[in-house]
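What follows is one structure encoded as structure tokens, with my remarks underneath.
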Amino acid sequence: MKKSDSFYGYSLILAFFMLFLAARSQLITDFYKTSCPNLMAIVRREVQNAIKIEMRMAASLLRLHFHDCFVNGCDASILLDVSDGEKFAGPNLNSVRGFDVVDNIKTSVESACPDVVSCADIVAIAARDSVLLSGGPTWKVLLGRRDALVANQSGANTGLPSPFDNLGNITLKFANVGLNLKDVVSLSGGHTIGLSRCLLFSNRLFNFTGTGTPDSTLDTIMLSDLQKICPVNGDANKTTFLDRNSNDLFDNNYFQNLLNGKGLLSSDQILFSSDEAKTTTQSLVQSYSTNSDLFFADFANSMIKMGSISPLTGSSGQIRKNCRVVNS
Ligand code: HEM
Ligand SMILES: *[C@@H]1O[C@H](CO)[C@@H](O)[C@H](O)[C@H]1NC(C)=O
Ligand SMILES: *[C@@H]1O[C@H](CO)[C@@H](O)[C@H](O)[C@H]1NC(C)=O
Ligand SMILES: *[C@@H]1O[C@H](CO)[C@@H](O)[C@H](O)[C@H]1NC(C)=O
Ligand SMILES: *[C@@H]1O[C@H](CO)[C@@H](O)[C@H](O)[C@H]1NC(C)=O
């Protein structure tokens, strides 16, 4: 055998090995079909119970999955109770919610199928169920994620989009985890449910970027409403609806709001009103505002993409027994 033949032989073996690795690292919908056949029903029931107590929990569980996936991938790293944890990073502290609900789901799942189902997969299923139970689309959740051994606080501080970012910054943060402009717009539609605190948009209300006047892209009636809810030196923790028309309902009103200057966060309104939007996101906002089916279909697709960011699979990571701590 010539040297070049053996080179090609090894290359072929290497290629097959890499294909095998790629296939193995792929998430699949049937991952727990035999190991935990009732998983879907258990999570659905627990999410239903949680939102019966507090409807906002649907929004909180959706956001929890987003904030998990953007930092080191969808690996439940956000759930870890460590002092340098992600839950204490700026975008998460006193902001991200739902940890107790995830604990309850995990307890029920563990009693049915111990040591089998990851916390990362539970969060992904809970996010899907939250959207569906709020009137939104559904999709088949890909499964087989494993749980991280570490959290990444600095990753959370730098990787998560801020409501004060411009569209270029937001687009870049999405691109850094493999998501495109369409994902930016469709996933921002998640703000069709849930609340935001005053401190995250009050900069728009009185003296926007040092102009001495409010953000001119904000509808004037909504502006005077918000000025009452969030007065200067008022309670920065006070909350109001991200989608004022239909706060608890997952629908495309969020996009209609943007056409009417009624986006709550600057990062919402710039998808339609900024100069950058004219050549990037504006037309898609317009399409979603008139075509709810298109929004639902794109949102579901983008959620599957977001849910597939850098999962730990195979023998990486672990199946945590308690979602808050790494197994001893
Ligand atoms: C595009 C960049 C994004 C920015 C700048 C952003 C920013 C924010 C901010 C500032 C809040 C309020 C937090 C607080 O009051 O403490 C919020 C809430 C929320 N976000 Fe986003 N977000 C973005 C994308 C997303 C995505 C991709 C999703 C999910 C698909 C999402 C889902 C939510 C939900 C559901 C809430 C309400 C949570 C609750 O009421 O507990 N957001 N977001
Ligand atoms: C934390 O996240 C940053 C930014 O994504 C990344 O460069 C770094 O490797 C991560 N660190 C750990 C320990 O995962
Ligand atoms: C955010 O945008 C500003 C202004 O365009 C720019 O100076 C800054 O570097 C951007 N930051 C990131 C992280 O892209
Ligand atoms: C608005 O903010 C700028 C910069 O912080 C400041 O110089 C200006 O005096 C403020 N204007 C008003 C009306 O408060
Ligand atoms: C907002 O709430 C957090 C948590 O309860 C608290 O630590 C913080 O001091 C509050 N901030 C303001 C401005 O009231």
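Glycine residues also receive a Cβ, built from the backbone N, Cα and C atoms like all the rest.
Because TrEMBL annotations are produced automatically, they should be read as predictions rather than curated entries.
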Cysteine paired with CYS74, where TrEMBL records a disulfide bond, from CYS36, CYS69: CYS69
Candidate with sparsest Cβ neighbourhood (10 Å radius) among GLU86, ASP251, the listed binding-site residues: ASP251
Neighbour tally for SER77 (Ca(2+) 1 binding site), based on other Cβ positions within 10 Å of its Cβ: 29
Check: same-chain CB within 8 A of Ca(2+) 2 site center, minus THR192, ASP243, ASP251: GLY189, HIS191, ILE193, ASN245, SER246, ASN247, LEU249, PHE250, ASN252, ASN253, TYR254
Cβ-Cβ distance under 8 Å to CYS119 (disulfide bond), same chain, at least six residues away: ALA76, LEU79, VAL102, LYS106, ASP147, ARG320, CYS323
Filtered recorded positions, from CYS36, HIS67, GLU86, PRO161, whose Cβ is under 6 Å from an atom of ligand 1: PRO161
Distance [Cα-Cα, Å, rounded] between SER77 (Ca(2+) 1 binding site) and CYS113 (disulfide bond): 22
